[in-house]
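Asks: Sharing the features that Swiss-Prot gives for it:
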type: MOD_RES; residues: Thr2; note: N-acetylthreonine
type: MOD_RES; residues: Thr2; note: phosphothreonine
type: TRANSMEM; residues: 41-61; note: transmembrane segment
type: BINDING; residues: His118; note: chlorophyll a ChlzD2 binding site
type: TRANSMEM; residues: 125-141; note: transmembrane segment
type: TRANSMEM; residues: 153-166; note: transmembrane segment
type: BINDING; residues: His198; note: chlorophyll a PD2 binding site
type: TRANSMEM; residues: 208-228; note: transmembrane segment
type: BINDING; residues: His215, Phe262; note: plastoquinone binding site
type: TRANSMEM; residues: 279-295; note: transmembrane segment
Amino acid sequence: MTIALGRFTKDEKDLFDIMDDWLRRDRFVFVGWSGLLLFPCAYFALGGWFTGTTFVTSWYTHGLASSYLEGCNFLTAAVSTPANSLAHSLLLLWGPEAQGDFTRWCQLGGLWTFVALHGAFGLIGFMLRQFELARSVQLRPYNAIAFSGPIAVFVSVFLIYPLGQSGWFFAPSFGVAAIFRFILFFQGFHNWTLNPFHMMGVAGVLGAALLCAIHGATVENTLFEDGDGANTFRAFNPTQAEETYSMVTANRFWSQIFGVAFSNKRWLHFFMLFVPVTGLWMSALGVVGLALNLRAYDFVSQEIRAAEDPEFETFYTKNILLNEGIRAWMAAQDQPHENLIFPEEVLPRGNAL
């Protein structure tokens, strides 16, 4: 019996090959397989947001005006979350709530779930796009891995947190002032600024900004002069073999400033990747904890002493009183459907009163 060994070749391309050729063709804007997820989802998410902020009221869900049509501006317009009574309904246009009525769907807050879900999948599609392009040009996938940080924050804040609460109502609405309101809510109801995961997130984001500024300034300061113009930006070839700036000079400078400095570019740039991405991951993890109503730091001994001694206060006890004030004022305004009424005697007061 004869066994023939050889590479199997198809006589003609099947549908997958044809699609693969078209999707991954070299063009001005790369499409790719990831584009099948990215472009439709990004289009619908942005389109839903522009539609909602332009035309759709939040009167039926929050008792608020939230569109340009009602007199809002860019900072106050928003696509608002559904009412608390709708819990975690996906609010599909053809679902039992709207029953195919587009106007009713908008009134119920259907655009929020539409924007949130398409936005989440659009971000995932963008990360897959970075994976796909990195593989095509034989790069490492660290860009895509880094982008998982913003995705983790978006998913934890807009999806996981409200899933842990009573409904989508408690997620942020998609608007500038709406996000500010949500931040105040997080502080008042969760004491978010004293949460160690928030602290790690702040350290990561601000630390990354510091590293970025230091790195950019250092590279600019140590550029090799390679042109007769005052501006050296165009004096270098993207395919050049030699260095554009002097790592040795930069190392010597920062060694004199701090006593320590990065000795190679790999560790330096990995650190610049590690700091912000880890900060974003940690803050996302903290929001998942808040979804389960986990507490931040509680310094109970200080609270007890402040309650017993009118002359004893710390910045912590003052912040706790501020949080009580946020809850007392915000709950009644933010959740009108609960008909919350707080008597004067339960409203927070400073220890000196």
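Glycine residues also receive a Cβ, built from the backbone N, Cα and C atoms like all the rest.
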Asks: Measuring CB to CB from the residue listed as 'chlorophyll a PD2 binding site', give everything in the same chain under 8 Å that is also at least six residues away in sequence.
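Replies: In sequence order, the residues whose Cβ lies under 8 Å from that of the residue listed as 'chlorophyll a PD2 binding site' (at least 6 apart) are Trp192, Ser283, Gly286, Ala296.
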Asks: Which state, by DSSP, holds His215 (plastoquinone binding site): helix, strand or coil?
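Replies: Its secondary structure by DSSP: helix.
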Asks: Counting only residues 6 or more past its boundaries, what in the same chain has a CB within less than 8 Å of a CB in the transmembrane segment (208-228)?
Replies: 234-236, 242-247, 249-250, 253-254, 268, 271-272, 275-276, 279
Asks: Could you round the CA separation between His118 (chlorophyll a ChlzD2 binding site) and Phe262 (plastoquinone binding site) to a whole angstrom and send it over?
Replies: 41
Asks: Around the C-beta of His215 (plastoquinone binding site), how many further C-beta atoms are within 10 angstroms, looking at every protein chain?
Replies: 16
Asks: List every residue in the same chain as Phe262 (plastoquinone binding site), at least 6 positions away in sequence, whose Cβ is under 8 Å from its Cβ.
Replies: Asn251, Trp254, Leu268, Phe271
Asks: Helix, strand or coil at His198 (chlorophyll a PD2 binding site), per DSSP?
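Replies: Where His198 (chlorophyll a PD2 binding site) sits, the three-state DSSP reduction gives helix.
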